[in-house]
Amino acid sequence: MTMLSDLPKIPTLDWADFAEGDTDQRLKLAQGLVQGFKRFGFVKLVNHGLSDELIQQLFAEVKRFYRLPDELKQKAAHPPGPNPQRGWSGIGVESTSKLYGEQTERPSGKLKDAKVGTDFSSSKLSRELTHMKEHYDIGPPTDTQFPTRWPDEQDIPGWRAFMESYYARGQSFCLDLMEALEIGLELPKNTLRSMCIPDGSELRLLHYPEIPAAELRTGDTARIWPHTDFGLITLLFQDGVGGLEVEDPLQQGHYIEVAREQPYEMIVNVSATFERWMNGVIKAAVHRVNITPEGKHVEDAVVPERWSAAYFFKAHKMAHAGPLPAFVTPERPALYDNITALEFQKRRTDLVYTGQQLKVEEAA
């Protein structure tokens, strides 16, 4: 049985120390970033340079899309399969419980993804069940192999232009973050950055409909099951509803709440490709979206809808996703196979959509 631990606390770092500081301040921030990633796989950043107004508009635009009728969103639907996700995936399409079983060794066949009904006034929960989360994925504007599936401009004017602009801001920030990690890890300049150009990242816009808390208390349902992200790092902005938790690497099964302490703080977590680069020296953060603290104690509570925006920063598609030479030694041989970033993503995406592990030779 998992437990939520109030302590220790995810560290908060001031990004201005790196962006505007002297050599010593930049080094201290870079070292703090590495230390936070090694301990938790998570850090929070303030003064990150993305304005409050930009984040406000981001959430307004996310909500504007999800308020569209399903028939308009369906025009931009992502076709299930192992390819990188592009466009809208409706409730029930993606299932992180398949990743949950893979990563925790708990049989995934015993799990159900979070379900939502339509009549919360009813005391009965025996209604049609569907998966809880819907999301929309945006890829690189220059990606002609896997282009983003956009809604019609006439249905939501100006939306594509804003999202492409925000995507570019996220990519630029993440490249700076790679520079900081190179300093903190004592790697030669451009060791990490060079494998991220051209970009292969994705911007994901998430909406979690409201759900009766009773469905989340059973232990068989969750908004998102424990999982790790696919790429290098994830930048996350979330609303104040709560529920995001990260597993304490030092206490398996114990989860730390990642509550929003400041309205526009940025949450940054380590993802699976970065763990592979580091040969496991820095591990990807296992995290989930669980019942909110308030929902745990009120019998008939309804957990409100939740909004978030995640920038999945990734290596370019043909970059190697195996361990970097600096982290492979006779005492610590390579722990991961040296496939490309695209092959690794297809392997993971196929598992999410079909529950089947894609073989390396099938991923190309």
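Heads up, residue numbers simply count up from 1 along the chain you see.
Cβ atoms are placed via backbone N, Cα and C, with glycine included.
Worth saying up front: this structure is predicted, and the values here are computed from it rather than measured.
Looking at 73-92, 93-112, the range tied to region 'Disordered' in Swiss-Prot is 73-92. When Swiss-Prot records His227, Asp229 as binding Fe cation, the matching candidate from His287, His316, His320 it lists for that site is His287. Within the region 'Disordered' (73-92), the DSSP-based counts of helix, strand and coil residues read 4 helix, 4 strand, 12 coil. Sequence-distant contacts of His287 (Fe cation binding site), defined by Cβ-Cβ distance under 8 angstroms and a gap of at least six in the same chain, are Gly41, Phe42, Pro226, His227, Thr228, Leu244, Glu245, Val246, Glu247, Val258, Asn269. Taking H, G and I as helix, E and B as strand and the rest as coil, DSSP gives the domain 'Fe2OG dioxygenase' (199-315) the counts 14 helix, 45 strand, 58 coil. For Asp229 (Fe cation binding site), the Cβ neighbour count at a 10 Å cut-off comes to 24, with all displayed protein chains included.
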